[in-house]
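**Q** Before I ask anything, let me first share the structure, which is written out below as structure tokens.
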Amino acid sequence: MLSGKRWLNLVLFILTILSTYFVGYLWGINYLFAGQNPDEISGALNLSLFLEPALIKLSLVYSLSLLVILLGHELGHYLTCRRYRVQASLPFFIPAPTLIGTLGAFIRIKSPLTRREELFDVGANGPITGFLLSVPALFAGLQLSRLIPALPRESSILFGEPLLLKLFVRLTFGPVAQNQDLILHPLAVAGWVGLLVTSFNLFPVGQLDGGHILYALFGEKIRKLAPGIILILLVLGIFYWAGWLIWAVLISVMGLRHPPVAASGQGFSRRRIFLSLAVALIFILSFIPAPISGNSLLDLLK
């Protein structure tokens, strides 16, 4: 039998399957009908559409792809904890009625990490795994995506493009004209969400993965950086995307100061130094200043 907490893990996972499936259904409708005559679309949207095989397939593709990415991220943390005999919970998924269907997932580390090398590995292996799963989803999804004549901006939700997406779009479609819009296949959307989650977690502050990595590298020296990171998030929220303001509050509530972890005195291996540079590159490729365009605090106050 499952224990009480494992029941919670299972229930949250099932609810997240349902929430991401529903959002995948909406992304499937967008993929199939974007750019069509509004009268044709309204005529096609009826109850029988819920049983449309093509939409069911697209919904499952989005839901399962995103769950694999999120699960891979958390298993990167969990299995590293197991390797160092650090007690950790199974992943908790967070279903949510948002444009992506979830607020991500997390594990609880129940026993202290005793060395910075352990802290580095636990912090880095999650986002590295999530990124490595997001990249093929994004690239393969772009091969199934399509260009259409530009839609009216007042009726569109425009999503920001991380640097990696811009590179892949250029490779796949060449230069995209201003009078064209790219309609992403749900698989590509799942890859985009994976990059977004990766960049969120790699902010170098507090209890985030990036905070763990930076503390492992530099110790207490990073304490003075935390207020500056929060200030950057506030500026991003004012001028780019208001969601950064919420992220700044959540990070502050979780705690800006990292719990002390002892250094081994042996220094970091070349492999970990290389991985730290790889993680920095992953953040640069994944970061999206405005995940949703036109939703800065200034835009919302207009």
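The backbone N, Cα and C atoms fix where each Cβ goes, glycine too.
Take a look at what TrEMBL says about it:
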- 7-34: transmembrane segment (TRANSMEM)
- 54-76: transmembrane segment (TRANSMEM)
- 63-225: domain 'Peptidase M50' (DOMAIN)
- 88-107: transmembrane segment (TRANSMEM)
- 127-145: transmembrane segment (TRANSMEM)
- 183-204: transmembrane segment (TRANSMEM)
- 225-253: transmembrane segment (TRANSMEM)
- 273-292: transmembrane segment (TRANSMEM)
**Q** Can at least 3 Cβ pairs under 8 A be found between the transmembrane segment (127-145) and the transmembrane segment (273-292), with each pair 6 or more apart in sequence?
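**A** By the criterion, they touch.
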**Q** What stretch of 54-76, 88-107, 183-204, 225-253 shows the most Cβ pairs under 8 Å to the transmembrane segment (273-292)?
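**A** The stretch I would name here is 183-204.
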**Q** Which one of these stretches, 88-107, 183-204, 225-253, has the most C-beta pairs shorter than 8 Å to the transmembrane segment (54-76)?
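**A** It is 183-204 that shares the most Cβ pairs under 8 Å with the transmembrane segment (54-76).
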